[in-house]
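Taken straight from TrEMBL:
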type: TRANSMEM; residues: C:20-39; note: transmembrane segment
type: TRANSMEM; residues: C:45-64; note: transmembrane segment
type: TRANSMEM; residues: C:71-89; note: transmembrane segment
type: TRANSMEM; residues: C:95-118; note: transmembrane segment
type: TRANSMEM; residues: C:125-143; note: transmembrane segment
type: TRANSMEM; residues: C:173-191; note: transmembrane segment
type: TRANSMEM; residues: C:222-246; note: transmembrane segment
type: TRANSMEM; residues: C:258-285; note: transmembrane segment
type: TRANSMEM; residues: C:297-315; note: transmembrane segment
């Protein structure tokens, strides 16, 4: 579903991503982990075309993305969330999700002019139920608590009806109970709805519980890849994380 | 036009352009230092400039004070006014909603308030000229005619620019201002007093504007609309790259020279469109300005 | 109040149940407005015409600044283009009134599209500066392009005609001005609730997220710019129907600021706010017309005080009040 080949991105002299290759298989949850500054979010932003890679190739759904603009991905069925929340904060919860369905309400003039476009409103309401925000549909997005804002961002991304979901730290800052709900939702999306998920995550509890495959990055490069169990035993990974712990202490 | 006249016009245009350009450069510097540190384009900069000149005129006309009192008093008044606006009003606006649009509107409000106030005093009813400290005897440079006052203007302006550069690059306050411009959160973490630095920048910007006003005031007729020159300073800042102090200076001279050449070669009434054309040319050819860094993508 | 309720009680900017409650007073207001010329003097009708032009201007400026969050400071220029286009369409081409109005809107919109396309290469700040400079340049053009605009002497406009009837005074023009203003108001409400309106707000709130939702951000911004210029052009066309004379002095930054103040006082991003602001502030500015210094100080003070204490403008406060009354 996503193939990254020899991706390199330099900012000036800094090599943010160094010759990274990665294959995400259909209907799997693939996690991208690594210490801070390892280049995970940068890789993400290359896939969603916010950054232009210095070299390398990225194919999404079998299609080379190099000619695409960031807004061309949603119509292809690629949705994303953001590390530091990028909600439409001043708008209502409902409107946030409706905007997520933007590419699906461009049919006729009636559809375009409708405040609640018939083609998408049912799906939007369903998504709000599914992430537990139905009762907040008229609240202002920025007034929600942090966990609900994260769920709203997920619902907004799902309104695209994506085949691929790119999640940038979906569990960061969530409480345990909320992580459990997220865990179930993601599993359901893959098992029942057939989505493919690539996620960047720090919360190991989530990564180890739900990922089919894990890629570990450090200093912009891949240092390990495998099932959660394999990765956990890898000495390079242990060192990268321990090294970071030591640096923090 | 034969080549000799052309060459003469060219020399005169460049010489006069450097004189007016030095004043635009100062005003552009005042705008850019605020923008760099607080991301606010101060649309009232032209009116601050105007008020500084009128404050000096007021002291001369109503109290007959000597220049050595008038000049420092006018400078101090402007600095205090700017700091007060930043600390008393903008800070409150930032807290109230804090959207950039709101801050810009507040500065637009200030520009109208100041112009109305000056008009209300009646000082602006008749255009006045400001007494000159330096004689207006002519001086010939190459084939261009300037006055001694012109030379004094350029000299003072260049000295002020140099002082600003030294201040920004070699003092603690300058480091604080640069840090604030790059990353306010990090600046606060390393112990920089954000509020004081903001107030300081606005005060400094007021000082530079006031100096430029007092420099140019003897050369022009003063009206409450004289703040209009700010559009030239804004054009200068855009040409130079809106976040670059050296760019502001370069842009100021470019606009000054372009304006004078247009005045000489095209027509006096075409001067008004020069800044618009300069802005358009830069936006089409090099949107980040001559010395501006590439605009960075917001981190997400 | 438990936190859940606190969140639910916080209303978002758009509210649909409010509209129903306002329907009855709105219909009453339209009827009263339609009957205005029957009961009042020519001057009152003239002021009403001016206010309606301000309403159309405010609706347009609110679309680009309030809804789409793009700072445009050349509204007066598009307004001026509309006035001249309508006047010249009438004078030189002999177009009927509807043709003049359309011409005014379309010419302004085309220019708006061009300027928007160029200015939107950069961030908000540059947009503000470029449009400001464009406004100045256009005023210069109005003042200096004498063969077309009459230059500083102004331009005399022949009376326009509707279905063969010549419009000679304010009272005759009023039904047209009112009708078109209401039409524009209706269109604004529809646009604001539509997919395009949502795209405008998405771009205002976060352009990165808007892109991720598949919204062509640049095109949407240009669209906002173009639409706003269309409104300003139509407002100019309306002005030309009840005026006999245009003077370029009145087409500068001062006018842009007046309209901006209206939108800010009413509440950026709210159609009702733009309407309210245009009426309230239009009256104030009409009252202060003879005292330019006081007018300037008032504008300045209102802008500053609103940004300090009522940054969202009057509209949210008014709708809170209406809602509050409904609960009793």
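Glycine residues also receive a Cβ, built from the backbone N, Cα and C atoms like all the rest.
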Open item on the list: How about long-range neighbours of the transmembrane segment (C:20-39): same chain, 6 or more residues beyond its ends, C-beta under 8 Å?
Closed with: 45, 48, 171, 174-175, 178, 182, 322, 326
Open item on the list: Check for me, if you would, whether the transmembrane segment (C:222-246) reaches the transmembrane segment (C:71-89) - at least 3 Cβ pairs under 8 Å, residues 6 or more apart in sequence.
Closed with: yes
Open item on the list: Using a threshold of three or more Cβ pairs below 8 Å, and leaving out pairs closer than 6 in sequence, do the transmembrane segment (C:95-118) and the transmembrane segment (C:45-64) count as in contact?
Closed with: no
Open item on the list: Need a quick answer: max count of Cβ pairs under 8 Å to the transmembrane segment (C:125-143), which of C:71-89, C:95-118, C:173-191 is it?
Closed with: C:71-89
Task: Same-chain residues near the transmembrane segment (C:71-89), Cβ under 8 Å, at least 6 residues beyond its ends - done: 57, 60-61, 64-65, 95, 99-101, 103-105, 107-108, 111-112, 115, 124-125, 127-128, 131-132, 134-135, 137-139, 142, 148-149, 155, 157, 160, 225, 228-229, 232-237, 239-241, 246, 248, 251-256, 259-260
